[in-house]
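Below: the structure, in structure tokens.
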Amino acid sequence: QDRPIKFSTEGATSQSYKQFIEALRERLRGGLIHDIPVLPDPTTLQERNRYITVELSNSDTESIEVGIDVTNAYVVAYRAGTQSYFLRDAPSSASDYLFTGTDQHSLPFYGTYGDLERWAHQSRQQIPLGLQALTHGISFFRSGGNDNEEKARTLIVIIQMVAEAARFRYISNRVRVSIQTGTAFQPDAAMISLENNWDNLSRGVQESVQDTFPNQVTLTNIRNEPVIVDSLSHPTVAVLALMLFVCNPPNANQSPLLIRSIVEKSKICSSRYEPTVRIGGRDGMCVDVYDNGYHNGNRIIMWKCKDRLEENQLWTLKSDKTIRSNGKCLTTYGYAPGSYVMIYDCTSAVAEATYWEIWDNGTIINPKSALVLSAESSSMGGTLTVQTNEYLMRQGWRTGNNTSPFVTSISGYSDLCMQAQGSNVWMADCDSNKKEQQWALYTDGSIRSVQNTNNCLTSKDHKQGSTILLMGCSNGWASQRWVFKNDGSIYSLYDDMVMDVKGSDPSLKQIILWPYTGKPNQIWLTLF
């Protein structure tokens, strides 16, 4: 077994905790799927490499070890001195590889929140987290106390501050801020919904077809409102730091080094899903068959998304790469920039004119012409065309039945939040009640101030060091289209640069465009 990953509460800082979580993520990571880190595929893992340990200490003389199953990042056991304790649902091999040479005991409860909460006689929302809770838990485990209620409560603290924090940037950030400010916190509705949907989000990403989840995942924001996630390009996906391994994408290039027998055992994602969804784009409008007319050659337009799901705004993403409404195909009239897009009978249309690929970044491209779906007109009813791909905001799309903007605050360097001030934007102390800190993230990739959704975050020029300001969205420019990535960056596709707090100095009151360095002044998080 590798050496344990260590964290001490003594002299702990938000920085020492951040380093601990990063080391843990690194140890748990198996590979990347859709550019998002994923736990190892269990079929490629030998049983003896299945477990890792984390050492949590209050001082040189007071420490415990926690055993984690790398296939699911679950806490399966802990050791205090010469005694170790295994959860009831720990895999049978856990006791063969973890804490051998100690007296091994079985705990009376499972590692699920439902069971732990029953034994603790408290829900997760009632149990405070933070440095003090962790320090207390380490001391209690180390003392060998026999109170099962307290054991369950302590495990709820450790699981969330260690395992859940490794899975989600949102959760590690909550813990980090609590260490920074020296205050305890109780999990909010967003945090609980992430914990409860980790497997659903992981499955959605890995089984996604044409940038779209087979089934929508319903998260909750801090105001207890539903947030529906059904696309890889939904900004909430960027809070995932590690996914559960579900399956390999059907077309994944299998490494030739993997032994054939292992590859055959390994689970490949089904490609049978053909989701039927809306396609949201420019200004949050929907791709719409004009006037509900399904005769060949009728144009496809942008129209406001209807309150109810209606046929002429519903599209089935077929495995043959066609996109169909009412059984007919989304078809480009030609292969030259400016060709209009129409509805057409799939069997009589030129096949290549009906094929589309939806990229993870929200681009919809016709492979034959290499042109992309574009909403050139900002007015409702404007006809869709294919155009040269320039990653313009008017060429950004997000599939899913919920195409409404995701409203959130955005935290960044030094745990400050992005704040609108007239046409400027800078960093200020976070206050979730401040309208100037609320941002609406649209289907077209734009980031808009909720105070005036006609204003978009825009980089002033296409060059390194350009200031980011609020400018009219009606331009639909490339400098107004952003991607929230899992490395924490807010990325401009056209410029291949990211949002950066200038000079790591918030007092300069400037956010600029800069090449990605991965430094803290380029790391952002949607706070739900």
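Cβ coordinates are placed from backbone N, Cα and C, and glycine is handled just like the others.
Feature annotations, reproduced from Swiss-Prot:
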DISULFID  CYS286-CYS305  disulfide bond
REPEAT    326-366  repeat '1-beta'
DISULFID  CYS329-CYS346  disulfide bond
DOMAIN    403-527  domain 'Ricin B-type lectin 2'
REPEAT    414-449  repeat '2-alpha'
DISULFID  CYS417-CYS430  disulfide bond
DISULFID  CYS456-CYS473  disulfide bond
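Recorded features from Swiss-Prot, shown on the structure.
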residue : record         : Cβ contacts under 8 Å, 6 or more apart
CYS286  : disulfide bond : ARG278, ILE279, GLY280, MET302, TRP303, LYS304, CYS305, LYS306, GLN313, THR403
CYS329  : disulfide bond : THR322, ILE323, ILE343, TYR344, ASP345, CYS346, ALA349, THR354
CYS417  : disulfide bond : SER409, ILE410, SER411, MET427, ALA428, ASP429, CYS430, ASP431, GLN437, LEU527
CYS456  : disulfide bond : MET393, SER446, ILE447, ARG448, LEU470, MET471, GLY472, CYS473, GLN480
CYS456 (disulfide bond) - helix vs strand vs coil (DSSP): strand
For the domain 'Ricin B-type lectin 2' (403-527), the number of residues DSSP places in helix, strand and coil: 21 helix, 50 strand, 54 coil
Residue numbers, six or more beyond the limits of the repeat '1-beta' (326-366), whose CB comes under 8 Å of its CB atoms: 34-35, 210-212, 232-233, 279, 287, 289, 293-300, 311-312, 315, 317, 320, 372-373, 383-389, 391, 395-399, 443-445, 483, 493
Rounded mean pLDDT for the residues that make up the repeat '2-alpha' (414-449): 97
Tertiary contacts of the repeat '2-alpha' (414-449) (same chain, 6+ residues out, Cβ under 8 Å): 173, 176-177, 180, 222, 233, 235, 280-284, 362, 393-394, 396-398, 403, 405-408, 455-457, 468-471, 473, 476, 480-484, 490, 501, 506, 509-511, 520, 524, 526-527
Tally of residues which DSSP labels helix, strand or coil - the repeat '1-beta' (326-366): 4 helix, 15 strand, 22 coil
Surrounding CB atoms that lie within 10 Å of the CB of CYS473 (disulfide bond), all protein chains: 25
Most Cβ neighbours inside 10 Å, all chains, among the disulfide-bonded residues CYS305, CYS346, CYS430: CYS305
Structural state of CYS286 (disulfide bond), classified by DSSP into three states: strand
